[in-house]
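Here is the structure we will look at, set down as structure tokens.
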């Protein structure tokens, strides 16, 4: 718990530092030259400074309109990428702080800051138009030098800087990067100072994006079309570092793809408008190492043009937010273990400063529905408290005055929406689901305090547009469900009730008794209208789908006397599908919970273990290394579909693996009280799982041998646990190690 408290204090300290107080004398600067091309070279800001003897400390504060990379004496500042990060830039722009003392030397020092397009002004979003937030590649810079004798020198961005362009001829999130080694920065002219608000500047609070795992080529292929393709063996989000040598003007192109087509050829049909190509033009001066600066790709395969591939010269590097791993799960079922691997890697591939839907095509957006269905699973895999908390502040910043919430955060589509109304069930409900999830997992009421008005505004918005106790809105529904579609108004009503319940829970925690009473009355009306309009007297849903019964059961929409029949109907629907799921984005996360919590654990395992499509193990059987957007992305005949092959939504089953199969759950906020309640089954003979909560490591290992069940449990200091052993009485224990 101490480590968690220290982190919270550091986070609190960081958030109290305002950019207005830090950058008091610094000026926003922009290039003095005109940019007149669609694919714009990255400007390079230059400044020479003098450092004297006796330097005690050197602190750099930095942000940009775009993405920046700073160098001092040709050495990179920091190991974070895609800074200053992705936020609602016109309301919240982050800045970073660096200790740069070791990069400076006595005498002259050269500072160079390159600014890439990024989310701020690059071609991004569905319309692929540039300049979403502005057309300036602005820089704000402040370097504070403190000497042993107490002198303090402050160097800021101002009109004394120079600006040029260098070898990065363009670098777009979708396009990729063009790097011409022959071009070196030359002093082309002065900068302009411009006025931009500083009161929106905030210190970074979430872990930055860093380079993580590295992958060497698994094999080099020659496809039936004669293409030279590297297989790195893992679908990931990141880039390729390569060592190249050739004559001046030689051009090497690296094209990125997730899959090969049915014939084994390089396939990019699912990338939409994303070129996903990095191009290097050589200067002929010997071997040199290259990697992109302001772009990333979702890929497993790389097609190389312009040189012969030597495997030792190419390395794939994963990029994602530097989140602390917290969970581990392994079992006697190798395919289930691969599924866990795929779930983890899909989150890694979609945790690049914000939770995204996919990392490869011309999208890569913060879809709220994807984030909310996966948040609890993510919390088992990594410490995602600060990661999601930062994103939630942008959700609140994007919220309309009437309380409506866009489906994408930050909202790159807002300028194309003529009607400010909106808010989609299962997507906008991220406003209530994620704050409550973070509170339950990490035990910190700060997120509830910070998001409460946003949560309340969202529920009030639904109340304001509902009629006769019913919310009927357009939406995405049970997105990409392989079975019959579930009624949108039915889904609306269920999510309205769920968000209202979470608001009640939050109000109770925060001591807002008037709101508890108000929204409790509202919830009763919502459920009454649901039963009256969507459930027959016999307890049958008007939409006879798996998702309809899943949501009714999981969101407590039914009176006790109807739940048994609803669970039976759900089980029947599943069995009638041959133990296959028929759920989409909204039903899938809860399906196995709805079964196991209502007496159908064996059936839940049969669904989990299903290997034919649609199922979780079908993609595993087809060679997937991440979660697919659609269950049948690659069909049984090996034909491929133009969709994402790295989409974590269906990986939300990971929560069931940890909470139900391994049995690790929080019995109170923050795991101060722990529940260990494994559910053996599905042919598993052993499961080993652990989770690092704020108090320490929780372990739940179990095995069965000739019908005998044994279990090893570890409970961290400062907590208590209830251990429920199958077939025995529950046991209350304090911290320690236990064998049963």
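Yeah, the Cβs are placed from backbone N, Cα and C, and that goes for glycine too.
Under the heading domain 'Bacterial alpha-L-rhamnosidase N-terminal', TrEMBL lists 56-213. Annotated domain 'Alpha-L-rhamnosidase concanavalin-like' per TrEMBL: 222-319, in sequence order. Sequence annotations record features per position, and here TrEMBL assigns domain 'Alpha-L-rhamnosidase six-hairpin glycosidase' to 326-661. Per TrEMBL, domain 'Alpha-L-rhamnosidase C-terminal' is recorded for 663-733. According to TrEMBL, the feature signal peptide maps to 1-19.
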- Query: Under a Cβ pair cut-off of under 8 Å, which of the recorded stretches 222-319, 326-661, 663-733 contacts the domain 'Bacterial alpha-L-rhamnosidase N-terminal' (56-213) most often?
  - Reply: 222-319
- Message: Can you break down the domain 'Alpha-L-rhamnosidase C-terminal' (663-733) into helix, strand and coil residue counts using DSSP?
- Response: 3 helix, 40 strand, 28 coil
- Message: Can you work out the mean pLDDT of the predicted model over the domain 'Alpha-L-rhamnosidase six-hairpin glycosidase' (326-661)?
- Response: 97
- Note on the structure: Secondary structure split (DSSP) over the domain 'Alpha-L-rhamnosidase concanavalin-like' (222-319) reads 6 helix, 52 strand, 40 coil
